[in-house]
Amino acid sequence: MTETLFTNISQLVTPAPGMQRGAAMRDLTVIPDVAMLVSGGVIRWIGPRADAPSNAQEHDLGGVAVVPGLIDPHTHAVWAGDRLADFEARVQGVPYEEILARGGGIRSSMRATGAASVDDLVALARPRLEALRDSGATSMEVKSGYGMDFDAELRMLQAVRALQTEYGLVPTLLIHVPPTEGRAEYVQAVCHDLIPGVVRDGLATAVDVFTEREAFTVAETRAILQAAKTHGLQTKLHADQFHAIGGTELACELGALSVDHLEASGPAQIAALAASDTVATILPGVTLHLGLPAAPGRALINAGAAVAVGTDLNPGSSPVFSTQLALALAVRLCRLTPAEALTASTVNAAAALGLSDRGALAPGQRADFLALHSPDWRDLPYTLGANPVRNVFVGGIPV
Ligand code: NIG
Ligand code: FE
């Protein structure tokens with residue numbers, strides 16, 4: 001097994017492994033002038049260069065800071081078509097929800113995506129995933145949800161599968177918006193046909209639902225999440241984006257991995273998340289792009305919740321192609337400290353995907369890490385509009 005000793009690291013900066021909540025999100029370990037030994041894709045040892053095992057091949061990192069690879073726990077990176085006309089309408093005052101209610105928005109992405117082949121979808125998604133990885137993402141969740149029908153949903157998930165190993169993808173089946181007619185039958189078919197079929201083909205590890213006035217009710221969401229659990233899948237939710245209609249409380253009750261968005265969450269939803277093991281995933285790109293209120297990141301951490309950050313990369317509400325930018329925006333828009341934002345984008349993002357083998361730099365963790373351009377890790381949350389990440393390593397190998 002090849003061993004590599006990474007040397008000349010100005011600072012190695014990491015949260016502790018596993019989900020971190022409340023004040024513990026600020027507890028980073030910062031080790032100056034250090035070396036790190038990797039073998040078989042896993043971190044084996046971290047310590048002073050002088051104490052390192054001598055027979056490993058050396059990789060000099062040039063005196064820069066090293067942080068864990070970022071984990072993007074929420075993307076819709078597979079879509080066809082564009083939303084450029086929606087964008088122009090929105091900046092002139094037409095609300096996102098009104099565009100959706102008129103049959104545009106998500107429904108227009110569904111028409112374009114439904115007409116695309118798996119190969120088309122793979123070709124469209126690849127440069128987006130490449131951009132996320134260049135920005136520091138070493139694992140990324142990708143959702144379906146733009147399928148016009150079940151076959152189109154399955155094509156989206158097959159496109160994710162084609163790119164899964166190359167980019168470290170975690171696939172989620174998203175039940176996004178109901179058909180305009182026959183929604184009760186649709187929910188039944190999701191529970192009895194789509195979910196079992198996805199499980200049979202191993203196409204997703206979790207099911208997500210958009211719980212919102214313009215999408216699914218709490219009762220419909222409950223039925224879908226129950227079916228997911230019955231078939232052994234994890235659950236997560238898009239909730240409280242525009243209105244807090246009870247999705248967050250339901251997700252906490254059912255033990256969902258995460259609730260994502262939370263822009264409209266109030267004290268009751270914050271308390272429910274703080275009392276649960278469900279991760280609160282905030283998506284500050286949506287605040288920037290739609291001009292929505294920011295999710296209450298500060299209040300969630302103060303209450304003791306575990307907060308994660310994602311890009312929500314999608315054509316309608318968050319055309320954010322950088323996981324590092326999402327981290328940096330969480331500091332500005334949701335009032336996380338830089339340390340909290342690093343924890344939110346690493347171990348807590350891993351927890352939002354049900355993973356505990358990554359997100360921290362410690363013996364036994366996957367050797368997914370970033371060498372920055374700077375000797376000071378704080379350039380990661382500080383930088384806007386340029387890339388502070390110099391090299392991305394997955395399992396100890398530069399990509
Ligand atoms: O996370 N709000 C629901 N779904 C996506 C948006 C998808 C779209 O606008 O195409 C979101 O914001
Ligand atoms: Fe989303």
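Note: Cβ is positioned from N, Cα and C throughout, glycine not excepted.
Keep in mind that TrEMBL annotations are predicted by a computer and have not been checked by a curator.
The domain 'Amidohydrolase-related' annotation in TrEMBL covers 66-396. Per TrEMBL, the feature Fe(3+) binding site maps to His74, His76, His238, Asp312. The Zn(2+) binding site feature in TrEMBL is assigned to His74, His76, His238, Asp312. The feature 4-imidazolone-5-propanoate binding site is assigned by TrEMBL to Arg83, Tyr146, His176, Gln241, Ser317. For Tyr146, Asn314, Gly316, the entry in TrEMBL reads N-formimidoyl-L-glutamate binding site.
Positions of TrEMBL features highlighted on the structure.
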residue	record	Cβ contacts under 8 Å, 6 or more apart
His74	Fe(3+) binding site	Glu141, Lys143, Ser258, Asp260, Thr281, Leu283, Gly310, Thr311, Asp312, Ala352
Arg83	4-imidazolone-5-propanoate binding site	Gly105, Ser108, Ser109, Pro315, Gly316
Tyr146	4-imidazolone-5-propanoate binding site	His76, Val78, Trp79, Ala80, Ile106, Ser109, Met110, Ala112, Thr113, Gly114, Ala152, Met156, His176
His238	Fe(3+) binding site	Leu174, Asp208, Val209, Phe210, Thr211, Glu212, Ala215, Gly247, Asp260, His261
Gln241	4-imidazolone-5-propanoate binding site	Phe210, Glu212, His261, Leu262, Glu263, Ala264, Val286, Leu292
Asn314	N-formimidoyl-L-glutamate binding site	Thr75, His76, Ala77, Trp79, Ser109
Ser317	4-imidazolone-5-propanoate binding site	Tyr96, Gly285, Val286, His289, Leu290
Cβ under 6 Å from ligand 1: qualifying binding-site residues of His74, Arg83, Tyr146: none
Any further residue of that chain within 8 Å (Cβ to the Cβ centroid of Tyr146, Asn314, Gly316) of the recorded N-formimidoyl-L-glutamate site: His76, Trp79, Arg83, Ile106, Ser109, Gly145, Pro315, Ser317
Taken over the domain 'Amidohydrolase-related' (66-396), the model's mean pLDDT: 97
The one of Asp312, Gly316 whose CB sees the fewest other CB atoms within 10 Å, among these binding-site residues: Gly316
Packing count at His76 (Fe(3+) binding site) (other Cβ atoms within 10 Å of its Cβ): 28
Residues among the binding-site residues Tyr146, Asp312, Ser317 that border ligand 2 - Cβ under 6 angstroms, in sequence order: Asp312
Sorted by sequence, non-His74, His76, His238, Asp312 residues with Cβ within 8 Å of centre, Fe(3+): Thr75, Lys143, Leu174, Asp208, Asp260, His261, Leu283, Gly310, Leu313, Asn314, Ser317, Ser318
